[in-house]
């Protein structure tokens, strides 16, 4: 795999993430009229994903994908400097994505035990994210020794072991955030199809967990070789995929109402086109109908009790053909009247 191919992969997934965030923000403003904390955090994560793509381009210019033995010191120093920055923005991006998901969960959950669990996870992510930044910045002493091994007296920690540990923590937190809302969503007093549809939207986040696992192989390949410029291509590509996949998955619950609204309008337009009665002239045969067909019955609106804002958005504009009632026992009253 060449450095150009890694750049194309990064730009492709960054574009998908940009589209997802754009639709998310449009959906928020259209249905709610404002952006929330989790939306701001996901925007910061998107900026970090652009940073990952930018560092991959910088690495490509200085020899990413080429044999390390063919590179001059004028290439290796900026190559490893860009690599150091890429590690930093990659971890920052993941941290902001997961903090955004936790803030979204706090908007969904009103049960005390679930809110406490989410708050504990959010606190851990913040502390761990700050610690990760310090470890990355001070991996080597002096800091410049990471990209310039000609500095006398420089030394580094075992950063390969740190990468594996960090990847394991990322996989664990991905899994926890994926399964955490499922027990709560099962308690909703909803038709089975809609309940499992809601669970499925949140379970999409499991794909980011799979990507994080696949990235482990690339890290292993990189760490077992001294040809870093050549074997860092896969690791860089999977890092970009992981960040951008996490962003896209985090946007799915908020994009769903927008997709449902578009689907409903297309469905209604199609139904009207098939329901319109034929037009006959007065001179037509005696078998022409004496009256037009009855008008179509519009779809009933979805009605809600007092529910968390995020769940309201999920079902809003869903186009259901029967009134959905969410019992007050499904969630503790959030204090917001829908």
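The backbone N, Cα and C atoms fix where each Cβ goes, glycine too.
Note that the structure is predicted; figures quoted are calculated from it, not measured.
Per TrEMBL, the features are:
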- 6-23: transmembrane segment (TRANSMEM)
- 23-260: domain 'Rhodopsin' (DOMAIN)
- 35-56: transmembrane segment (TRANSMEM)
- 82-108: transmembrane segment (TRANSMEM)
- 120-147: transmembrane segment (TRANSMEM)
- 159-184: transmembrane segment (TRANSMEM)
- 196-218: transmembrane segment (TRANSMEM)
- 277-301: region 'Disordered' (REGION)
- 285-294: compositional bias 'Low complexity' (COMPBIAS)
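Sequence-distant contacts of the transmembrane segment (196-218), counting only residues of its own chain at least 6 positions beyond either end whose CB sits under 8 Å from a CB of the stretch, comprise 101, 164, 167, 170-171, 174-175, 177-178, 181-182, 185-186, 188, 190, 234-235, 237-239, 241-242, 245-246, 249-250, 252-253, 256, 311, 314. Confidence across the domain 'Rhodopsin' (23-260), taken as the mean pLDDT and rounded to a whole number, stands at 89.
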